Amino acid sequence: MESRALLAVALWFCVETRAASVGLPGDSLHPPKLSTQKDILTILANTTLQITCRGQRDLDWLWPNTPRDSEERVLVTECGDSIFCKTLTVPRVVGNDTGAYKCFYRDTDVSSIVYVYVQDHRSPFIASVSDEHGIVYITENKNKTVVIPCRGSISNLNVSLCARYPEKRFVPDGNRISWDSEKGFTIPSYMISYAGMVFCEAKINDETYQSIMYIVLVVGYRIYDVVLSPPHEIELSAGEKLVLNCTARTELNVGLDFSWQFPSSKHQHKKIVNRDVKSLPGTVAKMFLSTLTIDSVTKSDQGEYTCTAYSGLMTKKNKTFVRVHTKPFIAFGSGMKSLVEATVGSQVRIPVKYLSYPAPDIKWYRNGRPIESNYTMIVGDELTIMEVSERDAGNYTVILTNPISMEKQSHMVSLVVNVPPQIGEKALISPMDSYQYGTMQTLTCTVYANPPLHHIQWYWQLEEACSYRPSQTNPYTCKEWRHVKDFQGGNKIEVTKNQYALIEGKNKTVSTLVIQAAYVSALYKCEAINKAGRGERVISFHVIRGPEITVQPATQPTERESMSLLCTADRNTFENLTWYKLGSQATSVHMGESLTPVCKNLDALWKLNGTVFSNSTNDILIVAFQNASLQDQGNYVCSAQDKKTKKRHCLVKQLVILERMAPMITGNLENQTTTIGETIEVVCPTSGNPTPLITWFKDNETLVEDSGIVLKDGNRNLTIRRVRKEDGGLYTCQACNVLGCARAETLFIIEGVQEKTNLEVIILVGTAVIAMFFWLLLVILVRTVKRANEGELKTGYLSIVMDPDELPLDERCERLPYDASKWEFPRDRLKLGKPLGRGAFGQVIEADAFGIDKTATCKTVAVKMLKEGATHSEHRALMSELKILIHIGHHLNVVNLLGACTKPGGPLMVIVEFCKFGNLSTYLRGKRNEFVPYKSKGARFRSGKDYVGELSVDLKRRLDSITSSQSSASSGFVEEKSLSDVEEEEASEELYKDFLTLEHLICYSFQVAKGMEFLASRKCIHRDLAARNILLSEKNVVKICDFGLARDIYKDPDYVRKGDPRLPLKWMAPETIFDRIYTIQSGVWSFGVLLWEIFSLGASPYPGVKIDEKFCRRLKEGTRMRAPDYTTPEMYQTMLDCWHEDPNQRPAFSELVEHLGNLLQANAQQDGKDYIVLPMSETLSMEEDSGLSLPTSPVSCMEEEEVCDPKFHYDNTAGISHYLQNSKRKSRPVSVKTFEDIPLEEPEVKVIPDDSQTDSGMVLASEELKTLEDRNKLSPSFGGMMPSKSRESVASEGSNQTSGYQSGYHSDDTDTTVYSSDEAGLLKLVDVAGHVDSGTTLRSSPV
């Protein structure tokens, strides 16, 4: 029992002690107890002050604000007899030690205070460091008091305040003027506002003592406003710098204090700078600025930021919100429309809703062409079209580009412009035309509308039943309209019909109303309706019995032309023919709502003089217009009197005269490209009065109609049938009238080859013979000249180098031979084209080589050469690279040497193979939308599993047969077997039109391994193996290349500056980074990174990881990349094996070739099995050993956390077991620590150019690198490195913009490269492997 009681007591004591130590209350928390019980303690100077404080938890002391050199005199020690006890000791105290001494619990406000007076009669006033350099700020406010901080070391002094100048003394009055030894002298501020300085004075034993002088500054207090800049909500990405400016505007003589409140106020990287801003001349305000800076924000910095300005009497604040994003992003918001409909003439707005940081660059395209703002369109966050027309209809694409990550998002909106029905006759037919009695008449209504019409209807009404108001747009108003089918009381309608016709390039509806006989004057209305609106036309069908009016000439009159109006009447029926012009003021005379006929008001009309001609039956009255003008337009009335009834009959004719207009071509003539034998048709739309005469020219020569050239529609339409090569050229359409001419040009490009005539062949042969003669003569002359080979060789320019273990560095390049008789190629047979890559001192150019290959006349090649001003060392480096390429020899999966131009008389040029599809990284990124991981069922060339089985057996056999024996150096001109032999066995297909499958990725990996195995067999080390240095040729063949001379690595984010050279750190093995060791096995590490690039479809390695010293350390400690999005467990295991920390444990390239070949064969044997994307947990539980099930990508794992785990934890499958059994290496661990397991900070992206660096990202394993310090022994700063961007697309795109080849370069060359028979077999198998799985051929547009 006794032991239990002791145990209980001990437990209670531990609990209480723990509660006190962590700040948790036990029963209660009492203030600390001091050794003195007094609140005020008085001691003499030069004595020792010692106070002990005891409490219930950790204690600490605060004492008066003393100078820094006296802080060493204050001792705080632990008591020996208690846990929570501290003693404060101040030896030899002085007057300035007077003040409050505080003992308190840490992290709480619970404390005990004692005020200590150190009486020193020689220095009764305390000179405290808190006196702010003897300045007292006051405001002229009668209600405000100011405290002069002249505190005393003696509590009962008799103190007065002296002010000067003028001098004045103030003594305490017990009211508003007082002195307190703990605070100082208190006085109303207005009493000393006049003074320049003040001080306190006291008398002790007839001795007068003074405090320090205090300068009096009269200040204001009003704060007008506080403004934050930027004023709106701030968005930043993690790692970026935050700068907030807080500007306060106050009255003059204001002292201001700033304070900031924000989420991470204890941020160690924050910096606050306060300063005055110089006020503008003439202003009565003062400006203060406080700047808050956080160099690298994190997610914890997100929140509300408040700036507070305090002047002593006034406080003002302003706030803003700072939003911190994990990384730059961009996405379209919800609600983006894909279809917008508008009515012609209206204003259209197409807004863009997006979520992005930072604000994106916005580009608009219409039907693939960029749009710029003009007077009809405004582009920006929304597209605004002022008055939309039909021409504006089309597909509008908005492309958003994130300026940091360069990620792009696009959205297409189709704009449909609806056109309400437009009736063409409205502007052409006068509403006052008249029709002869009893005649058959046809009324037409030509309607254009979009979308098509719902219907067209005809209505009619008697003329007397409607009112006429000429001032209105539609002058006729009828209370009701009758359908034409109800013609009771009107004219009989024979038929109505609708037809469709192509008029002026538009599909229009022509509605026709046939009136059997014109007996009754009436109004006819044509009404058309579609979804956009309605249109109508009212026709005045005025029936007369009398004269007829005609216009001569019959064509539409134009100003400054001569024309005549003829009024013809039967001479036996009518007499007194007279012409009148109907003025605007006398168009008609109204009687209420009824219309008085024109003939009843002829006296109000303007009578015209005319000439009368007569024939046997008619009288004709003619009014002639010489040089007609626009003023001659109007309504003309011909009046004739009936001889029997004396009744006048009037006929009205509207005369329209067109304004003269210079010719104009109203549309654009676009260039056209076609092939031989096709038909070209182009329309030249014109306008002008008089009607222009159209003439066509070809290459400035008049074009006339021929058997294949047809001109129609007044020469507007030009058609060329069965085009020939000579039909290509510049075609000009010229439209002329009396006012001038207008021209428009278009270019016809004719592609294809047509058979040449015998004469052409003879000319070509003769020219070739003459050229060959001069070429031989030039060769004889040039061969007599020798060029020097002296100078130092700067091996740092090379990337594919000899193995340093095989030969000393200074001898290995010099001893390599160059056989000019085998490799020299004449410069005059090389036609240089467009540049493919350009660096600091080198460049690669596309060229046509004539006669470099005996199988063709012309072959497209790539030429490596130096830029102007290259040094002798750079010239030697390129020459050494040429020798290395000769030494390496020929291989299908290496960009092979074809020839060189080394003789004097021109630049040094190295000619290599041209790969038309560019580098593999760019190609894979462009094919992400066409990636199909599974096979479609069925075979491509023949159906059933027989073919697949045959292929798989033959595939493995022939892959094994292709060895590095092909490596013997051959001529630069001829090989044993042409690739055309292989093309005869298979159909040639465009590479960019095939879907990308998992089998393609394995095939590419296998080919690169074959190429690296070959380079290793030739004792060569490639020190920049990456997807940007893998080129893609025809038929899915990949080739290892190095365009070190043509890549500007100063601007390439994949190359990080480390010391003197720039290095591709993401691809380098740890031993290369730290020890500058380049071996075949360090190339295996780079091959593993290349596999990651391939199975991520061109992403940049280590996405989101800052490439710095920390990255290198983690890499050396075993942290590796996560599995790429499109890989299999087997391929990821292969990558991990390549990344083994021990170089000797990494697989050899020969082992990788065997393993990847087995995977490729296993892939071909799947016999119709589709690949299914499974969660990793399901994938790893499968017992199949094919190795072809795809894991879920880490992205999808994040979306479905319950189903899969984004980390790879699995045992090696059977598919890789054989590969490991035959290896000397150990298997990788079942789990891998990846960079996703480690929190990452978003780096600030910046590029540091340095012209002093070498041009190549692939540096030699030379003495130059051996001088660099050993990274294992030293730990230098990696500050000179360029951090990678947080978005993988930025780095990957940036790294490939300067690569040797760019995708999209196409060659007209129809010839093929010559390969050995073994390589031709490999080429065939590679191509079949790329196509056998597709079943039905799937194609897409070229990237």
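Even glycines carry a Cβ here, placed using N, Cα and C.
What Swiss-Prot records for 1292-1305 is compositional bias 'Polar residues'.
The annotation domain 'Ig-like C2-type 1' is assigned in Swiss-Prot to 46-109.
Counting residues of the domain 'Ig-like C2-type 2' (141-207) by DSSP class, helix then strand then coil, yields 4 helix, 31 strand, 32 coil. According to Swiss-Prot, the domain 'Ig-like C2-type 2' annotation covers 141-207.
Secondary structure of the domain 'Ig-like C2-type 3' (224-320) per DSSP (helix as H, G, I; strand as E, B; remaining residues coil): 3 helix, 56 strand, 38 coil. Under the heading domain 'Ig-like C2-type 3', Swiss-Prot lists 224-320.
According to Swiss-Prot, the domain 'Ig-like C2-type 4' annotation covers 328-414. Under DSSP, residues within the domain 'Ig-like C2-type 4' (328-414) fall into helix, strand and coil as 3 helix, 46 strand, 38 coil.
Per Swiss-Prot, domain 'Ig-like C2-type 5' is recorded for 421-540.
Annotated domain 'Ig-like C2-type 6' per Swiss-Prot: 547-654, in sequence order. Broken down by DSSP into helix, strand and coil, the domain 'Ig-like C2-type 6' (547-654) contains 13 helix, 60 strand, 35 coil.
The domain 'Ig-like C2-type 7' annotation in Swiss-Prot covers 663-749.
Look at Swiss-Prot and you will find 830-1158 tagged as domain 'Protein kinase', backed by sequence analysis. For the domain 'Protein kinase' (830-1158), the predicted model reports an average pLDDT of 77.
Among the features that Swiss-Prot reports, phosphoserine is placed at S978 (among others).
According to Swiss-Prot, the feature phosphoserine maps to S980 (among others).
Among the features that Swiss-Prot reports, phosphoserine is placed at S1227 (among others), with the record citing similarity to another entry.
The annotation phosphoserine is assigned in Swiss-Prot to S1231 (among others) on the grounds of similarity to another entry.
Residues or ranges marked as topological domain 'Cytoplasmic' in Swiss-Prot: 782-1343.
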